[in-house]
Each structure stands twice: as C-alpha cells, then as structure tokens.
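Asker: Structure provided below as structure tokens; questions to follow.
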Amino acid sequence: MGSEKKENGVILEVEPKPSNGFTSKAVDLLEKIIVKLFYDSSLPHHWLSGNFAPVKDETPPVKDLTVQGHLPDCLNGEFVRVGPNPKFSPVAGYHWFDGDGMIHGLRIKDGKASYVSRFVKTSRFKQEEYFNGSKFMKIGDLKGLFGLLMVNMQMLRAKLKILDVSYGHGTANTALVYHHQKLLALSEGDKPYAIKVFEDGDLQTLGMLDYDKRLGHNFTAHPKVDPFTGEMFTFGYSHTAPYVTYRVISKDGFMQDPVPITISDPVMMHDFAITENYSIFMDLPLYFRPKEMVKNKTLIFSFDSTKKARFGVLPRYAKDDKHIRWFELPNCFIFHNANAWEEEDEIVLITCRLENPNLDVVGGAVKEKLDNFSNELYEMRFNMKTGEASQKKLSASTVDFPRVNESYTGRKQRYVYGTTLDSIAKVTGIIKFDLHAEPDSGKTKLEVGGNVQGLYDLGPGRFGSEAVYVPRVPGTDSEEDDGYLIFFVHDENTGKSFVHVIDAKRMSAEPVAVVELPQRVPYGFHAFFVTEDQLQEQAKF
C-alpha cells in the first residue's frame, strides 16, 4: 500500500486486493439462488429511472459552455455536487443512498465555465470495477429475511477474502467539505476520500484519510468547519458501542483523541451542529434494529414514535461526555441542520424537522409513496440554566437542504436558504427565510410573506438541488446576504441540465446566470463551492 505524505496526515492510496477465483464464482451462484427464491424481481426501481438514473460514463472537462447572463468574479472557483450514480446494476434491491459517488463540477473563471464529472474511486468502486459487476451489499437489500441473508452474503465474501474490506465499503456519495488544503468526499458509513481539483476543473481521487491511523470509526457526511478557528468538528455513529464518537480536528489537520458519547441504543445520526463553545448531538429514535427488519419486513433502521427526541449539548473541547446536557423535545427525526448559536443562557438550533420518517419511502419502489413526506423549518432552544427545551415552527412543508452564509457557522445569523420539494427528492425551488421576521402562521403552503423573504420557482417540469451560498466578499464585515446562490437544475421537458446562479439578496425570478451543461446531471445530494483561493491552495499539495 502506498501513501502520499502530508503535514499532520497521510492520504492512503486505496489499493484493495479482491479475489475472483472459483470461490468467488461459487458464492455468486449461491447469491443468485437466494435472490431467485427470496426477492421479488418484479418490483420497479424508481431510483434508477428518469433523472434518478445514473449516467454511464465520466465526462472529462468540457470548456467554453454557453452562459446566459454573466458569472460574477466571486464565483471564480469550482462548484461541485456529489450524488449516487451506480456504475453497475444492482443484483436485487436498490436504495437512493446506495449509488457510487459521482462528483459533478462547474469550473468558473473570468466569466467562462467548464463542466466535468468523475466517480470517487472508493475501495468499493475499484473492487466492483475489478469484478465488472455489483458485489457489495446494498441498503436496498436490507429488508426482511432477504436482508438477513444478504448481510450474511457480505460477511461470507469478506471472510473468504473475495472482497477486501480493509479500506471500508462506503460510497462517498453524500457530501463535500474543504479542510486543511483538501476537498473531501464523504459518506457516513466510511472515512473521507481526498479529491484533487485541477486548474481546468478536472477531479482526481487521491485516496482515503485516516488521520495517521487516529480515525478508526466512520466519519459523518456533515462535519462542521469553524470559520473563525479553522478547526473541523466531526463524529461517527455505529451499530456497536460506543454508538457515537466525537472528534475535533485542528486547522493543521491533526485529529484529537476520540470522545465516546453515551446513548442507550444505536441510532442513525445524520447531522449535528456547533456553536462557539458547544457541539450538539441528536439522539433521535430512528433505531438500528435488525430483528425488526426480519420480523416486520422493513428496512434495518426503524422509527419508534413512542420515544422522545433527545439533544445533547457538549462543551466542544471536552475530553469525555461527563458534562453533556441532554434536553428532550417531542418525537421527530432530523436529516439536516441549518446552523446553531449561543444566545444568553440558551443554545439555538435552526433545523429541518421531520415527523414519522420512513426510510422505506426514501428507498421505495412505488413512486406514489413519495408524497407522504413532510419536513418543516424549526427553531429549537435549549436553556443551559433551567434545563428546559422549546421549539417553534418557522415554515410550512416541505423544506430541506438548509444552508447559510458559512462565515456565520456556529454564530448567530439572519438568513437561511433552503429547497422546496414536491416529494422527498424533487426540488421545485429555492427559498429564503428571514429569521428576524415572524412566520405567517396562517399559511399552509410555502409562499412569500412573513418570514419567507424570497422564493425562486424553477417552473413546470424543472427540478433542482441544494443551493450553496457564495458571498460577494468573504467574511462577516459585508451584508450577510450580499452574494449569490448556485445550484444544478434539470429540465424534464427537454432532458437538458443547467447550473443556475441567482442573487441571494433580491431572490429575483430572473437568474443572474444560466449555464447549459453538455450532458444530463442526475438528481443528487449535497454541494460545495471551492473558492479560487482554495483551488490554488490545494493545488500546491
């Protein structure tokens, strides 16, 4: 195994060693028998159709794209978004979270734009390329007795060294972050993958980060970088104790000792938050329950509507969890937080709150199930003096992928930018909330008025993705909303994909720029903007 030395860290070259001999073929045959006997192959794969379907190949940089309008100088850099794009067809089930990570990038410089798409070359991806087919267990398989059998197939392949799991088996398909001169591709079931961004916008997977072997657990897809200190705060969750482990990484890339967080059961913890002095963990009742998977023929994570939602507030440099304060609120689940800050005796969390989540809906084979999804913007307050917790609804449904001006991460800010959705997956518009304004409690749908300061509607048959805020001038000295929102859009009427840029202050229906892309860009997950300074900084390594 090779490595490339970095200050306070080593990027591991991912060189798995799978085996494709007689034993591998025998296990493949056994799997085919199990699939034939226990899997209903007539079920359609909604997440592999329409614009959820993967693109077959990578696209090297395509230059001088058509730009309607103008691309402001502050957008010099590369806008990147990652999402699931399976290289090979599934053996049986498929969940939206299962696909191989593919990064779509728009390189912008001096008003011109180039497009590129590249797979993240994970250990999983490399091994399935070696076999020329799908070999790793999928979330979409983990249902009922069939799920248990597929878990055992994965364990058998690992035990017989057909698959090499020494580098993990994640997809790097969920989110992106920049820290310590590196762009990282993330999925919460694995360690980070480092991505190099070239001057022409091209992308290359350098390898995996394990922070000099100090990282021995999974790494969330939603770490937080403090813009004032340069530190990155992160955690990982597991189905074995300790169920949650908290980490602090210095601005120089050194990972501090692990801090186990004590909770009673293994849960899905997709996100967390930081303030200037605290980190906030969410012990929400979406439990890892393999027995219920088999008994009830559900996915391996199931939601318990009888349990409270718990929020743990920990001093962010704590060496253990002795001083964590737990607060309870009514039952819910949260995929994504917008931001958090301290306000006198209270910790304030701005988040998207979901009642009665059902991951079967996210991975559902039946398209109509997608309409049963309600996600709303909430303000939650945790009083560190009295121990009381309260919450306030800030929006109608459905809002997700909340973003802020990241110069204010962990500090009080005014504006939240989110996506409006007609289902769990299709983004119909970009919305701007003013937290200084009161919500219009009489409204049952999202429209301008009250605390909704703007709404950019994509129009019939057009759907978008997470919008990233890019300030005109970095920092907190300029107006908080003096900048732009940039995001991918797909037009299902024409089959064409675009990048839109809109004015974050005005939220006008007229975009600042629209860039036509040379190929279809499937719907995906989270996005990030690599500034020109960051692009040049990481190019030195």
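Positions of Cβ are set from backbone N, Cα and C atoms, glycine also.
Copied straight from Swiss-Prot:
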type: BINDING; residues: H222, H270, H336, H526; note: Fe cation binding site
Asker: Neighbourhood of the Fe cation site (H222, H270, H336, H526): other residues with Cβ within 8 Å of the Cβ centroid, in order?
Answerer: T174, A175, A221, D271, F335, N337
Asker: Same chain only, sequence gap of 6 or more: which residues have a CB within under 8 Å of the CB of H336 (Fe cation binding site)?
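Answerer: Expected: H222, H270, D271, T351, C352, D400, F401, P402.
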Asker: Whose Cβ, among the binding-site residues H270, H526, has more other Cβ atoms within 10 Å than any of the rest?
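Answerer: Compared across H270, H526, the most Cβ atoms within 10 Å surround H526.
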Asker: What number of additional C-beta atoms lies within 10 angstroms of the C-beta atom of H222 (Fe cation binding site)?
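Answerer: Other Cβ atoms within 10 Å of H222 (Fe cation binding site): 20.
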Asker: Using DSSP reduced to three states, classify H336 (Fe cation binding site) as helix, strand or coil.
Answerer: strand
